[in-house]
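Have a look at this one before I ask anything.
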Amino acid sequence: KGTIHLFRKSQRSLVGKLTHEFRLVAADRRSWKILLFGAINLICIGFLLMWCSSTNSIALTAYTYLTIFDLFSLVTCLISYWVMMKKPSPVYSFGFERFEVLAVFASTVLAQLGALFILKESAERFLEQPEIHTGRLLVGTFVALFFNLFTMLSIRNKPFAYVSEAASTSWLQEHVADLSRSICGIIPGLSSIFLPRMNPFVLIDIAGALALCITYMLIEINNYFAVDTASAIAIALMTFGTMYPMSVYSGKVLLQTTPPHVIGQLDKLLREVSTLDGVLEVRNEHFWTLGFGTLAGSVHVRIRRDANEQMVLAHVTNRLYTLVSTLTVQIFKDDWIRPTLSSVPIANNILSLSDHHVIPMPSLKAADNLNPVTSTPAKPSSPPPEFSFNTPGKNVSPVILLNTQTRPYGLGFNHGSAPYSSVLSQGFGIPGMGATQGFRTGFTNVPSRYGTNARGQPRP
């Protein structure tokens with residue numbers, strides 16, 4: 001017998017779990033290439049940050065942030081490989097595809113935060129512009145450009161490749177597309193290169209390197225140091241404009257919204273499902289993007305009572321599965337139960353009617369033609385309502401209440417209440433007519449107020 005631990009710690013800590021998952025990813029040979037590029041990226045970032053400090057150039061710092069973004073993209077690629085290895089669990093019943101969506105969203109948001117930091121530093125430099133040293137400015141530009149392009153073109157990053165094609169175009173892509181149409185109008189052979197939608201990451205790398213080259217030339221020729229701040233602002237704006245559409249797209253996926261480009265196709269499929277044999281109604285439909293390129297959904301289908309559930313389920317799934325890969329369909333039949341209005345009779349041997357008041361219910365002959373649901377006149381030939389509620393109706397027994405009232409005075413009066421027939425037959429107690437009972441009292445031995453006195457003698 002061992003010691004009982006009431007609050008036993010988990011077998012693995014958070015660091016231990018992360019280490020276990022990293023080993024799982026590192027066991028795949030496809031991830032070795034990504035890990036190698038990640039190590040080279042860290043070395044390159046270290047050199048670029050030192051050159052940014054020695055040159056005092058904020059434009060080179062803004063361009064270095066693109067290299068840091070490449071590191072985030074490599075981490076996202078590793079997460080994508082890890083998602084493909086993992087299987088759905090009871091906690092994550094839809095799988096782990098949303099982790100790569102979260103990684104893309106976090107990477108693009110961090111890149112935009114870096115751009116905002118560059119804009120803030122550039123605004124401060126406009127007030128007091130420091131001197132820029134161009135000794136390693138051009139070297140750092142080409143090193144960063146070569147590594148960024150080599151990383152983007154050598155490694156297929158599935159999440160970012162999908163987002164860059166599915167998200168809306170940035171303003172930089174739109175301006176380059178207009179320029180490309182003009183160039184391809186002069187040289188048609190370049191249409192296969194410039195006319196398709198250009199990769200936004202390659203485009204921003206080339207545009208940033210071009211801005212740094214212009215900065216280097218203007219500083220070397222005229223010592224115009226303010227152009228470095230202007231180039232930093234331009235690179236920050238291009239970074240923000242490129243990452244913002246991707247953040248919006250991945251954020252909508254995290255919010256489980258329906259993609260706009262599939263709404264028309266979903267409406268068409270739902271109309272086809274509603275026309276299937278046995279289907280009466282399609283309702284509570286909800287479709288959302290589970291991951292990049294994966295659509296999930298759920299729908300409720302009401303069918304006839306005589307319809308085959310499995311047959312309808314197979315037809316509905318076959319129609320929707322062409323667009324929705326993860327689908328949940330709930331089939332229920334049109335089976336309505338009509339509750340009947342019942343009343344429990346009271347046994348005769350339980351209550352004695354002589355000792356209790358009986359409150360008869362009013363006659364409902366005038367309400368025979370009323371609908372118990374709407375309280376409106378209904379035709380005699382109209383069918384019964386769909387539902388019946390336990391409202392007071394014809395079959396309710398009269399309510400019988402106990403007579404607990406006692407009279408404290410022992411005057412020899414009769415304590416019971418006279419029936420209505422005896423009260424009406426004995427008169428209304430008109431003065432001088434010899435009536436011995438008033439209408440309101442119901443007592444037989446009480447003298448009239450005006451006819452006799454307490455001893456039965458006439459009043460003077």
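Numbering starts at 1 and runs along the chain as it is shown here.
Here the Cβ of each residue, glycine as well, is placed from N, Cα and C on the backbone.
TrEMBL annotations: computationally assigned, not manually curated.
Sharing the feature lines straight out of TrEMBL:
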type: TRANSMEM; residues: 32-51; note: transmembrane segment
type: DOMAIN; residues: 35-255; note: domain 'Cation efflux protein transmembrane'
type: TRANSMEM; residues: 63-84; note: transmembrane segment
type: TRANSMEM; residues: 96-117; note: transmembrane segment
type: TRANSMEM; residues: 137-155; note: transmembrane segment
type: TRANSMEM; residues: 201-219; note: transmembrane segment
type: TRANSMEM; residues: 225-244; note: transmembrane segment
type: REGION; residues: 370-391; note: region 'Disordered'
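Help me picture where these features are in the structure shown.
For the transmembrane segment (96-117), the residues of the chain that approach it from at least six positions outside its boundaries are 62, 65-66, 68-69, 72-73, 75-76, 79-80, 82-83, 86, 88, 159-160, 163, 236-237, 239-240, 243-244, 246-247, 250-251, 253-254, 290-292, 294, judged by C-beta separation under 8 angstroms.
Long-range Cβ contacts of the transmembrane segment (225-244) within its own chain (Cβ-Cβ under 8 Å, at least 6 residues beyond either end) map to 57-59, 61-63, 65-66, 108-109, 111-112, 114-116, 118-119, 121-122, 125-126, 129-132, 170-173, 200-201, 203-204, 207-208, 211-212, 214-215, 218-219.
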Six or more residues out from either end of the transmembrane segment (63-84), which same-chain residues have a Cβ under 8 Å from its Cβ atoms?
21, 24-25, 28, 30-31, 34-35, 37-38, 41-42, 44-45, 48-49, 52, 95-97, 99-100, 103-104, 106-107, 110-111, 114-115, 118, 140-141, 144, 147-148, 151-152, 155, 157-160, 201, 204-205, 208-209, 212, 235, 239
What same-chain residues lie close to the transmembrane segment (201-219): Cβ under 8 Å, and 6 or more beyond its ends?
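Contacts with the transmembrane segment (201-219): 57, 59-60, 62-63, 66, 73, 132, 134, 137-138, 141-142, 144-145, 148-149, 152-153, 160, 164, 172-173, 176, 225, 227-228, 231, 234-235, 238-239, 242.
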